[in-house]
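*Asks:* Got a structure for you, questions after.
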């Protein structure tokens, strides 16, 4: 008994000592964060040197949203490809990926690890609305850039308290505006039924759509919501069918997108124009429904679909496919998420190129001062623009219609900023 | 007479050692935030916070012998109670703690009712339903809970006089609450309630014959346990400053239960070890394998359960026991072998041992330190 306690105390003491000595990073070291000289005097140069730049990303590699985790592979492949060509402005990119399992507390922990232990230059990117919302206060307090978050919520761009955070993909309101414009042009007396997911994503899109069609002849005659945890949306679809609307706006995530499309195809008495949102527009959603059942379905997009043979000869697409084969052999180049990762990483490359100072402040200002920046992976006509009070780089999307076995782009890219004015809270 | 004085002597020595251990642990705990980087202090804070929830779960599962898969929901209830108070009514941080605790106590009391009629897996299913149904409910109650976007609230800010950084202040506040909570759990187990709980776990009929009111104590176990989870949830809101329904999926409940079993069921410091396991092992396993952190995590759990079926808290005892069996049987080995040989029946033996020092109290600190007080409830019924 006595020896047990003594032994345990000794063991505990040794363990404590070992931990203490093993921990290289201790308190007070963060005061050594370097500051730049010259014109960029006093700005933070943590994580960036003349030869390297360190970026950290937090992705759900495990857990319910792990399908999105593959975005990190596209991003990593891009940075490896760029490093092979000499790096970004001579700086080799070190890209650290951490897993948050789509859990906000884990995201906070990993963000702190990246900032305090890994001393990254910027947190690029955080994925998902909950994780991003959980860490943006911390990152902004620490003055760490959080560029191009992988979520389409409109909160990132309309908020003025978080200058270090900026979105990237077209936000859900912008997407809703694209559909609203399409209906105004082609079906100005449309009666619209809406199926939407009951969360920020669904509500953002629905709210944006209602605002965009306000004052026109278009009316939302029925709306039904579902929960991510629901088994099916057939009840909602049946009730929407009773509304006799002639347009169905389908704001769903992939699983429910398939269900809604199938339910629409099955109901031969009700044949509305089916608009499916971008999130559910991938071939993986349409295929199980049967391509013959989804003819004429409308959606919108902004980057090149790697599965679309239309882009097979596109130089950027070729670079992407080759690089992915070389640097991420286990990743499928036809997967949209990999292409997304590639597109967002090359967007960051462009932003880093425009930095006036190679500092955190420099990046913060650069991502808010983009003027019609072209990115190879984005559709022709879709460019990145931001301003001092506009933190939405992409607000242009192009409509597409499903014909035969693939999506076909139609019309011109719709710049929602020009059409509807800047987005405010 | 001489045996009594000898017993008193060892008892006093044991007390001294216990005090010294506590002092040492206290010094380490207080010194840590001045030594480690803010990020590591944050991790320690999270370990302490999970330890509170695990201590609550331990009351129910380890000492009460009932299974709950719904503790993530009580945790969420505490977190949301604090977040809503901070967000909507702008109360101070400290005011949220008693409300979260009391609210979850009542909630647990309500959920203790099915515990009277159900047992084992059936009870586990009922509690699981609570954990599954709470997140969608939180999403629907958007005016109050902020829906699926969640609520962002102010974190705990250090007062100017303290001169501490935010993470240090948070650590100390959580440390204080955790210390009180763990002390409360310990004292609860030494009280009438705790003894009644143990009796009910070991043999319901016998306990009833002895005059333990089953209904009262089973519901109370749930209530106390839920209260601890609620307090942990409240601390979570203080530390993270953000709650959303997706933070509290039923996976959290299962993680808590797994952490407790790995840490050591029915042991007083098992929750601390379990909390550390839950907190650190996922990141370690990610360092080992970027592709499949989940697989490594799972394998580690299996490895721990294989090496230490009584949890990490029971590991030192098992190791010493194994060593003692190998060594030639010296007097010292003889002294130790019986108590450490097999954990499930270790409790009664250590009781008889401490019986010489005129106490039958199962929660005597030194005895508790040596072996888990309880054991997995199932194994004892064989």
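Here the Cβ of each residue, glycine as well, is placed from N, Cα and C on the backbone.
Feature annotation from TrEMBL assigns transmembrane segment to B:18-36, B:42-61, B:68-86, B:92-113, B:120-138, B:169-189, B:220-244, B:250-280, B:292-315. Taken from TrEMBL, the feature region 'Disordered' applies to B:333-382.
How about a rundown of where these features are and what they're close to?
*Replies:* Within the same chain, residues 32-33, 36, 67-68, 71, 74-75, 167, 170-171, 174-175, 177-178, 181-182, 185, 188-189, 197, 221-222, 224-229, 231-233, 235-236, 239, 256-257, 259-260, 263, 265-267, 270-272, 274-276, 278-280, 377 sit at least 6 positions outside the transmembrane segment (B:42-61) and bring their C-beta atoms closer than 8 Å to a C-beta of that stretch.
With a cut-off of 8 Å between Cβ atoms, the residues of this chain six or more beyond the transmembrane segment (B:68-86) that come close are 53, 56-57, 60-61, 93, 95-97, 99-101, 103-104, 107-108, 111, 123-131, 134-135, 138, 144-145, 151, 153-154, 222, 225-226, 229-234, 236-238, 243, 245, 247-257.
Proximity of distant same-chain residues to the transmembrane segment (B:92-113), defined by a Cβ-Cβ separation under 8 Å and at least 6 residues beyond the stretch ends, is recorded for 70, 74, 77-79, 81-82, 85-86, 126-127, 130, 154, 156, 177, 218-227, 229-231, 233-234, 237-238.
Same-chain residues lying 6 or more positions outside the transmembrane segment (B:120-138) and placing a CB less than 8 Å from one of its CB atoms are 66-73, 76-77, 80, 111, 114, 145, 147, 245-246, 248-250, 252-253.
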*Asks:* Looking only at residues six or more beyond either end of the transmembrane segment (B:250-280), which have a C-beta under 8 A from one in the stretch?
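*Replies:* Non-local partners: 43, 46-55, 57-58, 61-63, 67-73, 75-76, 127-128, 131-132, 182, 185-186, 189, 229, 301, 304-305, 310-314, 363, 368-369, 371-376.
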*Asks:* Below 8 angstroms Cβ to Cβ, which residues of this chain, lying six or more residues outside the transmembrane segment (B:169-189), approach it?
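*Replies:* 29-30, 32-33, 41-42, 44-45, 48-49, 51-52, 55-56, 58-59, 63, 97, 155-159, 162, 197-198, 224, 228, 231, 235, 238-239, 268, 271-272, 362-363, 373.
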